[in-house]
């Protein structure tokens with residue numbers, strides 16, 4: 001396990017771990033043409049942009065199922081690495097220790113920003129479920145899916161944090177993409193990166209389709225008004241993704257900033273306002289209900305502000 005970035009409160013920098021060998025010219029050339037923030041995003045345009053323009057929603061849903069393979073391998077990788085590294089947690093409250101793991105830190109809003117995006121993105125599931133043949137099974141299927149997804153996130157996150165060797169390294173060394181904590185010559189992590197790339201290639205077109213349906217249907221009344229409309233939207237989506245990968249390749253920051261911003265509207269403000277307006281029209285709005293829902297809106301606003309202060 002390696003620590004590519006310095007153990008500080010700042011987001012990890014996008015660095016490459018260099019190693020010496022008898023002849024490293026080939027590796028340096030590879031690093032030049034295969035850089036995860038400078039070259040790879042541009043290579044992926046040729047692969048992902050044509051997929052985003054496909055019209056069939058069933059293709060996106062069925063193609064996305066293949067991403068499950070990468071999730072299974074990531075769970076397997078985490079389990080094997082944890083079995084080799086063991087558990088490294090320090091919970092001694094009465095002895096000063098630089099590797100102490102606190103149960104509470106003032107930086108916790110970073111987690112709430114990520115959780116807000118996780119909750120917000122689930123509104124896209126409604127669009128996907130509109131194409132199901134048996135609509136009566138949606139509640140059952142969603143319940144199972146949410147349980148499995150939550151269990152996967154919890155297992156991978158807890159195991160990675162608990163097994164990270166601290167000491168000698170600090171838990172602050174854990175990268176936003178935990179695969180970066182393994183050296184370049186680690187075969188299992190290399191395979192995991194390939195699987196993760198494959199998973200992203202299955203998820204990305206699906207998210208693009210959901211954005212297309214929600215935006216174009218809202219403005220043009222049709223999810224696929226023409227190839228020109230779809231191509232223009234997809235160019236904007238891909239362009240934004242490439243720009244972020246090129247100039248701000250910090251996935252944790254992107255997730256929490258976008259999550260807190262979108263979540264403020266779609267998780268905290270809109271549901272509370274709509275519910276209060278409906279109660280007011282029905283003459284059933286009470287002071288306790290008003291205070292509770294205004295407090296929920298203020299929580300969302302505080303969550304957004306905290307992302308830029310911590």
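Cβ atoms here come from the backbone N, Cα and C positions, even for glycine.
Listed ranges 29-50, 227-248; the one TrEMBL annotates as transmembrane segment is 227-248.
Beyond its flanks by at least six residues, the transmembrane segment (141-162) meets 71, 74-75, 78-79, 82, 87-89, 118, 122, 125, 129, 132, 171, 174, 178 of its own chain at Cβ-Cβ distances under 8 Å.
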